[in-house]
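A.B. asks: Annotation source Swiss-Prot lists active site, proton acceptor at LYS149. Residues or ranges marked as S-adenosyl-L-methionine binding site in Swiss-Prot (evidence: sequence analysis): GLY50, TRP52, ASP68, ASP84, ASP109. The domain 'TRAM' feature in Swiss-Prot is assigned to 196-255.
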Amino acid sequence: MARDRRDTYYWRAKDEGYRSRAAYKLFQINEKHEVIKEDDTIVDLGAAPGGWLEVAKKISGGKIVGVDLRRIKEIEGVETIKGDITSDETIKKIIELVGEGGADVVICDAAPNLSGNWSLDHARSIDLTTSALECAKKILKPKGHFIVKVFQGDMFKEYMDKVRESFTYTRAFSPKASRPESAEIYVIGKKLLTAPLKIDDKFDVTIKKIGAKGNGIAFVEDFVVFMQDEVKKGENVRIKIVDVKPEFAFAIVIGRYDEELNEKNEE
């Protein structure tokens, strides 16, 4: 395919020795959102031909693993796996390379084979990025980060909501290196949530103590939950989770069992 002479990133990639113009997208994403740091362990899903692997290695200098159904031409200092990211066998191989502690960052610039039918291509993109998200959740360490390319469309909001459920910080970002006519956008998720709960979950708890700011405190599987409503120590309540942070959550009270018990006793 003939290249537009105005495609400066294509020619820049050739001049600077990168395998694809996509390299500059990752540079720009990282400059804006500071996802990759020095010595990070990084896994690139759908990594062929390897443009993002080269950038990840340059920024991090740490352990870099590329995964793709196709063979990835060797890159110095980068390990590769030929496999399907939805396969348990591939997940096992990734964990063997990055260690049980998990990866610091998972990146994915993969795109589905395009048919020319936009609705079909968008659906395929969402399916692929959902697989990437599920894989990332299995191989990231707690508070790890995620970058993935998504095609915009009517299912994009639903996908963003899925990412929000799993990460403390989420943003959608379009780097300058993306072509103006492209519908691609990059979703960034920072600080993987490893809490035993999520927004809208409901629990029956006992208020164990009152914090310094007057917040009632309860625990769900040893995870701290702060009440946003007035409660008393020892009170039994039903709560609904309204916000989740890496190390604690906030909840509102939706039922007070002690009050119900008192009402029954009065009857």
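Glycine residues also receive a Cβ, built from the backbone N, Cα and C atoms like all the rest.
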A.B. asks: Give the number of CB atoms, excluding that of ASP84 (S-adenosyl-L-methionine binding site) itself, located within 10 Å of its CB.
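C.D. replies: If we count other Cβ atoms within 10 Å of ASP84 (S-adenosyl-L-methionine binding site), we arrive at 15.
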A.B. asks: In Å, how large is the greatest distance between any two Cα atoms among GLY50, TRP52, ASP68, ASP84, ASP109, the listed binders of S-adenosyl-L-methionine?
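C.D. replies: Largest Cα to Cα distance for the S-adenosyl-L-methionine-binding set is 18 Å.
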A.B. asks: Give me the CA-CA distance between GLY50 (S-adenosyl-L-methionine binding site) and LYS149 (active site, proton acceptor), in Å, as a whole number.
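C.D. replies: Pair distance, Cα basis, whole Å: 15 Å.
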A.B. asks: According to DSSP, does TRP52 (S-adenosyl-L-methionine binding site) sit in a helix, a strand, or coil?
C.D. replies: helix
A.B. asks: Which has the fewest other CB atoms in a 10 Å radius around its CB: ASP68, ASP109, the listed binding-site residues?
C.D. replies: ASP68
A.B. asks: Just the number: how many Å between the Cα atoms of TRP52 (S-adenosyl-L-methionine binding site) and LYS149 (active site, proton acceptor)?
C.D. replies: 12
A.B. asks: What subset of the binding-site residues ASP68, ASP84, ASP109 lies within 10 angstroms of the residue listed as 'active site, proton acceptor' at the C-alpha level?
C.D. replies: ASP109
